[in-house]
Amino acid sequence: MGIEIITLLIVISLLALMALGVPLGITTLTVSLGTALLYFGERAGFFIVAANVSEVLHKYELIAVPFFVFMANVLERSGIAHSMFESMAIMGGRFRGSVGVQTTFVAVLLAAMSGIMGGEIVMLGLIALPQMLRLGYDRKLAIGIICAAGALATLIPPSVVLIVYGLAAQVSITKLFAASAVPGLILAGLYITYILVRVRLKPEMAPIYDIPETALPFFQRLKFLKGIILPAILIGTVLGVIYSGVATVTEAAAIGAIGALVVAAARKELKWTMARDAMRQTVITVGSIIWLVIGAVSLIGI
């Protein structure tokens with residue numbers, strides 16, 4: 001059987017299994033195993049898939065994933081993300097489209113804190129979307145901002161997607177982080193430009209954020225920056241130790257996880273129930289990610 005037919009069967013099998021609702025990790029692993037058995041034979045096929053899976057599971061960098069996921073869950077449950085959004089909204093003052101622009105800024109900060117696209121979109125959807133809809137924002141514009149800004153977590157370090165890709169492609173994760181940061185920020189700038197132009201052309205899509213705090217003079221609004229200080233310190237620490245070479249990505253992830261707990265403790269939000277829920281969600285999320293890694297590496301390895 002030629003490589004062209006094998007490739008066609010792989011694509012058809014992937015689409016069929018995903019259409020049936022099979023999880024992506026199971027889908028890619030099943031297709032890769034079936035392809036290996038069909039193309040290389042039973043003994044060689046099993047060996048190739050098993051060797052690829054064993055190799056990636058022994059990667060030291062893979063330990064960074066649960067640390068970053070745990071950090072994201074702690075930040076979500078401790079209320080840090082909510083406080084940060086409120087601070088950004090107040091500092092933005094009263095200009096049309098401010099909530100949409102601030103949501104994009106918050107998305108960049110959340111991406112730098114967690115690196116998880118799905119978790120960031122959920123977090124923004126819970127925090128920012130209700131406020132935009134309550135203020136009369138156009139529903140399509142509001143949802144588009146959430147989805148587009150939330151997807152920045154795939155590019156802005158520390159991106160779990162880049163970690164998984166680096167492990168699968170066997171390239172430097174640090175170099176991937178360095179190469180993706182600028183494009184991620186450029187995309188954020190383009191999103192902000194689009195929001196401002198769109199609401200300028202159609203003012204009814206984004207009413208002014210009219211709350212008493214936004215009417216205060218700028219210097220009086222500076223006191224609301226306290227909601228941004230702790231997240232900024234955490235972001236700077238995690239990214240700083242990576243780019244300065246002080247720590248590897250895995251070590252920086254551990255620092256971020258501990259830092260998130262410290263920030264939660266400083267806010268008096270570090271409770272057993274919060275930590276328990278964060279750990280439970282971390283196990284669920286990391287389990288899904290590991291299956292994705294196994295499936296992706298198996299498919300690439302054949």
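Placed from the backbone N, Cα and C atoms, the Cβ positions cover glycine too.
Predicted automatically and left uncurated, TrEMBL annotations should be read as such.
Features reported for this protein in TrEMBL:
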DOMAIN    11-300  domain 'TRAP C4-dicarboxylate transport system permease DctM subunit'
TRANSMEM  62-85  transmembrane segment
TRANSMEM  105-129  transmembrane segment
TRANSMEM  141-165  transmembrane segment
TRANSMEM  177-197  transmembrane segment
TRANSMEM  228-246  transmembrane segment
TRANSMEM  282-301  transmembrane segment
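For the transmembrane segment (62-85), same-chain residues at least 6 beyond its ends with a Cβ under 8 Å from one of its own Cβ atoms are 56, 102-103, 106, 109-110, 113-116, 119-120, 123, 127-128, 131, 158, 160, 163-164, 167, 173, 227-228, 230-231, 249-250, 252-254, 256-257, 259-261, 263-264, 267, 269-270, 274-275, 277-279, 281-282, 285-286, 289-290, 293.
For the transmembrane segment (228-246), same-chain residues at least 6 beyond its ends with a Cβ under 8 Å from one of its own Cβ atoms are 75, 80-81, 84, 87-88, 109, 112-113, 157-158, 174, 177-178, 252-253, 255-256, 259-260, 263, 266-267. Confidence for the domain 'TRAP C4-dicarboxylate transport system permease DctM subunit' (11-300), expressed as mean pLDDT, is 82.
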